[in-house]
Amino acid sequence: MHNSKQSRLHTGNIPDAAWFKNMVEKVPAIIYQERGGESQRLIYVSPQAESYLSCGFREMPPARDFLEGCIHPDDLDRVLEVRRRARSEGRPIRCEYRLVGVDGKSRWFWDEASVSREPDGSTSFHGVLFDITERKAAEEALLKRDAILEAVAFAAQHFLRESPSGASMEAILQRLGEAAAVSRVYIFQNHLDEDGTFCTSQRHEWAAPGIEPQIHNPALQNFPWHEGGFSRWVHLMERGEPVYGRVRDFPASEQHILQSQGILSLVVTPIFVSGDWWGFMGFDDCLQDRTWNRAEIEALKIAADMMGAMIARHDLDRQIFEARQVLEQRVQQQTVELSEANRRLLSELQERKRAEARLRTSERHYRELYERSLDGYARLDLRQTIIECNTPFAKMLGYDRPEEVVGLSCRDVTPKRWHDSMERTIREQVLERGFSDLFEKRLRRKDGTLLDVEVRLYLHRDEEGLPDSMWSVVRDISERKAAEAERLRAQKLESLGVLAGGIAHDFNNILTGILGHVSLIKQSLAVGAPVENRLEELERGCARAQELTRQLLTFSKGGSPVKKTGRIQDVVRDSARFTLRGTATRCELVVDEDLWTAEFDAGQISQVVQNLVLNAHQAMDEGGSVRIRLTNRNLDHPGSLPLPPGRYVTLSVSDTGCGIPEEHLGSIFDPYFTTKAQGSGLGLATAYSIVKKHGGHIAVRSVPGEGTTFTVYLPARDAREIEETPSAQKPMTSGSGRILIMDDDSVVLEVLSEMLQHLGFECVASRHGQEAVDLYREAMASGYPFDAVILDLTIPGGMGGRRTLQRLRELDPGVRAIVSSGYSSDPIMAKPHEFGFCGVVAKPYRIEDLAQELQRVLSARAV
């Protein structure tokens, strides 16, 4: 049995060097090899270095220059020391450092390299550099949040010991400001002025060195909220919501007073005292247009909540102090009514106890606010049973209360594939050093769905120092995972695009020969000839083949849409009706009143609609109704959608078919993925690529047994930008003059020459740019110049149409050039006049198309 298995292993195909090279180039990391003594020489670096550092192996400097030029100066000495020890001790390299690209931007990498001795005594490093930039950014965000929370804890302990004063408040604000790395921290209190206007005034402030204080700014005292243009702040903070962002993004009514204080970015969090909006705490950044992450904002909200609890306690202390003074005064005033005084004293003492009880309640509320976090916290015993957790953790698992989760085993909420790695992490990291590395896993929710999370474990010890449990800090990373999946899908489409573009170009050349000969034969036939119907059927076949090349070009880099601003509803209506014509499926179209205009390529969006409607029709075996809805949508907070905030026109296509199984949802937009026997797998992939190149997004929601809805988001545009379509000219039937043509494909040259001769032109053919330039020069010198030239855009290995036109214009600035290409969506084909061409014919074309464009170009010259 063993020998048989071993035999099978040895008879398999052994991968060759090309296979290994292909595998290395697809690894999402930089693989390198260095060799030498004290001065290492770079022998190999994988192509991924170009995407990370904007340079490839041939652009890399020599070894010593590479280290000093690519490694961040702050990390260089440490990395050189690690490498020196690795050479001397023969141990592998494991360290992290920054590399600086050609563009000057630095990224963090983790270096894993092995060391080997060569026969000549030199040392070789074989290593892999993993990009850890995102992880380092996340760690820095956590450190900043922890620093803010430490400052909050410092403030809480300070206020528990003594009442706030001007000096102590400034020290607390300084601690918070330095932790948050801001320029100013301040506190404002709301109040009514003498005429009852709702105002706010600055009470406390800390300003960093070099930042101008605003505590004595008269404009910030008795500032009227609504009259001052800050009603938006009032509405947000009354609901307990913070105000944050870059000042240049704020309304104009707010920018003036904020910019006058030198503020570039800020966070303002409301302060509530005993349930009422008391005022707010602000954090200014006067040095940079800072973007605030969610963890920072939540930590600063906790600081404001702590300040509210402190103010509430101070008010209670003042009430107790005043009550004590009243009691003492009353005892001293009335000695003759001792019994009455004793009764009143007892009443006041009881009130004091109630005040102290309220104080304890306030302190408990503060502790709850302090422990509130965006992360889930769970305490596990050493057998991984959950013995304590917070509400966010319970909600991650789909439960409402922590009590429902306590008692569950970690194995109960973790898929089996992570059980062994979890045991190994606890044994090798948590019990050994007291904490684990940050790692990713999935949790099984109450309803059976899986949630992507990021976890770190910390060991807890009892009073005697013995391990008794672990704290697990859990963060929901499902949105980040969705974004990573979106990037991966885009990369797959881009890779296929290169291949698809080449195929479409060659195929369009073939179609040009076929369609050109067909149109020539039709021109030579008498009206009503028996073969005319077959020729028309052949033309329709060419049109269908051209549609296939258009889908392939959608994947290529040349498939960019030629967008115009217009109303999308007509394109959607016509495309849906055309797709369902002759079927038993009905179409219901609902359009919002005053639907916004959009910027789109009518042909490509028609293709998206046809693909989605056809997909919906095929999902309903017994017919049914396809519901299409066009709506306006303003995305202030896109959430998990990979779109910037703004206005969008949404197109949703819904069916009542069988739905899409959950395991297929992640693959439906992959090229050539299909579950239908008659499907090509290009429809949804084409739709996805088109929408992405329009700056939009396509989302899907499906319930097995109920149906599927695809929703397309397209950026909206101002209706005033609508572009009118120019009217078409009548094609000419004959012409005269000399035409120079250039194409590397002999079939295209032959059929183009015949079409031009049929139209009455004299034509001269050339196969590359230099030949075309020489022929044009000779014609000018002979006094018998060309009236126009038709240039193929792409000549493999030679001078293409764009460069050839530049050379021709040096000879004749008035040359009339028409560009032709199988890359019908190339930018030059879309806007030829911007590149010096007078016209365009996209392959494949008929003799009628050629005649119409020649008539337009030559008649324009005559004018």
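Heads up, the Cβ atoms here are built off N, Cα and C, so glycines get one too.
Predicted automatically and left uncurated, TrEMBL annotations should be read as such.
Range with TrEMBL annotation coiled coil, chosen from 324-372, 618-666, is 324-372. Assigned with DSSP, the residues of the domain 'PAC' (93-144) fall into helix, strand and coil as follows: 12 helix, 29 strand, 11 coil.
Within the domain 'Response regulatory' (738-858), the DSSP-based counts of helix, strand and coil residues read 58 helix, 24 strand, 39 coil. Residues belonging to the domain 'PAC' (93-144) score a mean pLDDT of 84 in the model.
Sequence-distant contacts (6 or more apart, same chain, Cβ under 8 Å) of Asp792 (4-aspartylphosphate) comprise Met742, Asp743, Asp744, Asp745, Val748, Gly800, Gly801, Ser820, Ser821.
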